[in-house]
């Protein structure tokens with residue numbers, strides 16, 4: 001099991017790996033570019049090579065990229081949709097160059113056109129972008145179901161995957177806070193939640209997870225992360241979650257609202273909670 005947090009690569013991949021090491025991490029997540037928009041930073045091959053060497057030296061697991069929030073693959077507006085496709089396609093190429101195997105993508109928001117229309121739009125966009133030899137697996141993130149978000153139910157993620165021409169390059173990233181907000185009771189019975197995921201989507205598609213507590217109650221459809229043990233999921237439930245055998249070998253990253261010192265403390269707590 002690889003434990004980490006969301007870090008910045010603004011100073012390069014090598015710097016981010018060293019920061020990860022300083023907090024006891026063996027993986028990390030990062031944005032492919034400014035999360036609110038803007039041009040992508042040019043990649044430095046030497047920096048990438050040094051970061052790969054460091055990761056191998058310290059037994060890192062796979063890194064996880066995260067697409068910017070500005071892309072909406074479900075957008076009904078052509079200009080917005082075209083921007084999302086262009087950005088995602090470019091970032092897949094960039095992450096393949098950086099040898100980052102996973103990229104998390106929010107499915108998108110249907111903006112009032114309805115879930116089915118949103119799913120159709122997402123699958124159409126992905127079918128235009130995805131290639132069997134792209135070298136990066138796109139991970140659809142399970143959402144909390146806020147507003148017009150697509151992906152708040154496992155069935156919605158399954159419908160997207162079912163519409164793909166190359167489904168083998170698509171997986172899923174779950175988030176403990178999003179699951180709780182969407183109405184999946186990770187506090188009382190995470191095993192039952194994963195059983196439902198396996199039945200509807202298949203555990204073989206679960207490639208990464210975000211570990212967050214929640215400020216909002218079960219089924220609130222609100223995405224408000226909390227520090228581990230300081231939210232409504234709680235330490236006991238999160239410890240049980242971390243010890244589920246389906247998570248062994250996966251990169252698990254924090255997205256909690258803290259500073260680097262909080263990440264260091266939370267990673268130490270997660271490691272101490274592991275029984276295997």
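Each Cβ is built from the backbone N, Cα and C atoms, and glycine gets one as well.
Its Cβ taken as reference, residue 141 (Zn(2+) 1 binding site) is surrounded by 20 other Cβ atoms within 10 Å in the chains shown. Per Swiss-Prot, Zn(2+) 1 binding site is recorded for 66, 106, 141, and the stated evidence type is sequence analysis.
The Zn(2+) 2 binding site annotation in Swiss-Prot covers 141, 175, 210, 255. Within 10 Å of the C-beta atom of residue 210 (Zn(2+) 2 binding site) sit 26 other C-beta atoms, taking all shown protein chains into account.
When other Cβ atoms within 10 Å of the Cβ of residue 178 (Zn(2+) 3 binding site) are tallied across all protein chains shown, the result is 29. In this structure, residue 178 (Zn(2+) 3 binding site) is part of a helix by DSSP. Taken from Swiss-Prot, the feature Zn(2+) 3 binding site covers 178, 223, 225.
Long-range Cβ neighbours of residue 175 (Zn(2+) 2 binding site) (same chain, at least 6 residues apart, Cβ-Cβ under 8 Å): 141, 142, 209, 210, 212, 255. Other residues of the same chain near the Zn(2+) 2 site, with their Cβ within 8 Å of the Cβ centroid of 141, 175, 210, 255, are 104, 173, 174, 176, 177, 178, 209, 212, 253. Sequence-ordered, the extra residues of this chain that approach the Zn(2+) 3 site, with Cβ no more than 8 Å from the Cβ center of 178, 223, 225, are 144, 175, 177, 181, 210, 212, 214, 222, 224, 255.
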